[in-house]
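Enquirer: Below is the structure I would like to discuss, written out as structure tokens.
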Amino acid sequence: MDIFIILTYFVVIFTLGIVKRDDKKTTAHEYFLKSNTLRWPAIAFSTISTNIHAGHFIGMAGSAYLYGLVQANFEINAILGILIAAFVFIPIYLAANVTTISQFFEQRLGLKVAFTYSILMILLYGFLYLGTALFWGAYAINAIFEEEIRFIHHDPMVRIFIIAIMLGAFSAVYTYLGGMGAVVRTDIAQFVLMVMGGVILVAIVMSELGGWAMLYEKTPNLMHLHMPSDHPKLPWPALLGMMLLNLNYWGCNQIILQRALAAKNIYHAQVGLIVGGFLKYLMALIIIIPGIALVGILSNQPLSDPDLAYPTLIIDLLPKGLKGIILCSLFASLMSSVDSIFHSVSTLWSVDIYKKYINPGATDSEMVSMGRKGILGALCTGLLFAYVVIYVKFENPTFALTHWFNEASYYIKNGFVFLIVCAVFLISASKKLVLHTLIGSVGLTILLKWLAPDMNYLNRSTLIIIAAILVVAIPTIIQNGWPQGWGKLLNISTKKVGVFGWLLLGSLVLCHVVFH
């Protein structure tokens, strides 16, 4: 029964991915930005669906099992980055009429900075993000169906890698054929499925625990958003680094912002992101709470591998049939992220690299063709890194892998935060200084990791980002004076949109007060 439900899911998603496909009418603008026709519901659901992947349900639930509600900071604190993106960055991008974020960086900071950003983004997402996402999906399948799929290979590492190949190939095919339209159509369907499955599991888990009050009775030490300053992974000072890094993830991330860039107008872009911000609370609920509840359910029988928290709930608490539905929601979270990574990497490759440096006179059909080849290339690099992640996990089975992934990505993302600050707030900065500081931020992160290996990775990011900004800001202000026009950066499409923006910000503050 469960297998039938899962197979039905894959058939439906593939059909949605290739429906309405017409190669003869596909222009580059249609393939990469769906001709700027997206309305706010599609932007909201597709953006959050892309944001949430199997690593959240497996990795973040595992971290919540170890550390508790503090892990929810990664979800709810994204709201600050979303609001800044909606009211500052997106209006600037839409006014600049860009297809990729790197085109905006080229306008503000020059060709070399834009090229460096594109290359780093392709490396970051084509290797690290894609490989890790494929790993989580394959890891979950192996954990839940280990006996049924043992025939694939007796070695679990090889078996997980083979499953990752199958998942990656499936997503690559419908993204290759359908472009942005396929990504959005499948993401909306997968968002609904993801939320439905997540809510069902939360209801069952809380019933097994004995009710919501039991969270405070059985796991009171895990029900805090703020941990002491000496906490090994999530001390309260690290919240500053987390919020700074959200400027990158929500403010200059091609994978996340491609829907907003494809918006019909600024109103739909802003409303879509604000609705997405409210949805982050729902995501925190269905991802974090099950991990905490499992601590109370297991009592004195802890898991040897925290990343098995979510699979354990599925295996132990769900009946046949319902298990298949929940697994489909898990696959939905995986596929919605993987297809978006494929599409955005192909966009960066085709628009920023191929069109600009390899074939400046490329036609629409040539750009679409090259974008599709970029998807195949990303599949290969993603699978290569997936095997690296498999090795890391099997060598370190007792730690929460999500923090290893975060730390690895911040080697590059620290520089991206600095970059967007310069592009928006320090327009007159020296382009050469910005480029050297961007590259230097990677080296400085490596150096600081070597000099202070025990420093919390989020605190390290805070120091790197602030240092990089100061390196550029101080000489820029000395030479050109204090930047003017910051007050004009805030752009709110309608009064009602502004009200909902303030409500979203107020709700975030309230959460931190209530769950302190």
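Backbone N, Cα and C define each Cβ position, glycine as well.
According to TrEMBL, the record shows the following:
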TRANSMEM  6-22  transmembrane segment
TRANSMEM  43-70  transmembrane segment
TRANSMEM  76-96  transmembrane segment
TRANSMEM  117-145  transmembrane segment
TRANSMEM  157-179  transmembrane segment
TRANSMEM  191-214  transmembrane segment
TRANSMEM  234-252  transmembrane segment
TRANSMEM  273-298  transmembrane segment
TRANSMEM  370-390  transmembrane segment
TRANSMEM  434-452  transmembrane segment
TRANSMEM  458-478  transmembrane segment
TRANSMEM  499-515  transmembrane segment
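Surface or core, plus neighbours and distances: that's what I need for these features.
Expert: Sequence-distant contacts of the transmembrane segment (43-70), counting only residues of its own chain at least 6 positions beyond either end whose CB sits under 8 Å from a CB of the stretch, comprise 78, 132-133, 136-137, 139-140, 183-184, 187-188, 190-192, 194, 198, 219, 221-227, 231, 233-234, 255-256, 259-260, 262-263, 268-269, 271-273, 275-276, 279-280, 283, 287-292, 294-295, 303, 305-311, 330-334, 336-338, 340, 400-403, 405, 515.
Listed by sequence, the residues of this chain that lie at least six past the ends of the transmembrane segment (191-214) yet keep a Cβ under 8 A from its Cβ atoms are 9, 45-46, 48-49, 52, 57, 282, 285-287, 289-290, 293-294, 296-297, 313-314, 317-318, 322, 325-330, 332-333, 336.
Using a Cβ-Cβ cut-off under 8 Å and counting only residues 6 or more beyond its ends in the same chain, the transmembrane segment (370-390) has close neighbours at 28, 31-32, 125-128, 130-135, 138-139, 157, 160-161, 164-165, 168-169, 172, 175-176, 179, 341-343, 345-350, 354, 359, 362, 401, 405.
Among residues of the same chain six or more beyond the transmembrane segment (434-452), those with a C-beta under 8 A of the stretch's C-beta atoms are 109-110, 112-113, 116-117, 410-412, 414-415, 418-419, 422, 460-461, 463-465, 467-468, 471-472.
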Enquirer: Counting Cβ pairs under 8 Å to the transmembrane segment (76-96), which of 117-145, 157-179, 234-252, 273-298, 458-478 comes out on top?
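Expert: Most Cβ pairs under 8 Å with the transmembrane segment (76-96) come from 234-252.
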Enquirer: Using a Cβ-Cβ cut-off of under 8 Å, list the residues of the same chain that are 6+ residues beyond the ends of the transmembrane segment (273-298) and lie near it.
Expert: 40-41, 43-45, 47-48, 51-52, 56-57, 60-65, 68-69, 71-72, 75-76, 78-79, 82-83, 85-86, 90, 195, 198-199, 201-202, 205-206, 208-209, 214-215, 218-219, 222-223, 250, 260, 309-310, 312-313, 497, 500-501, 504, 507, 511
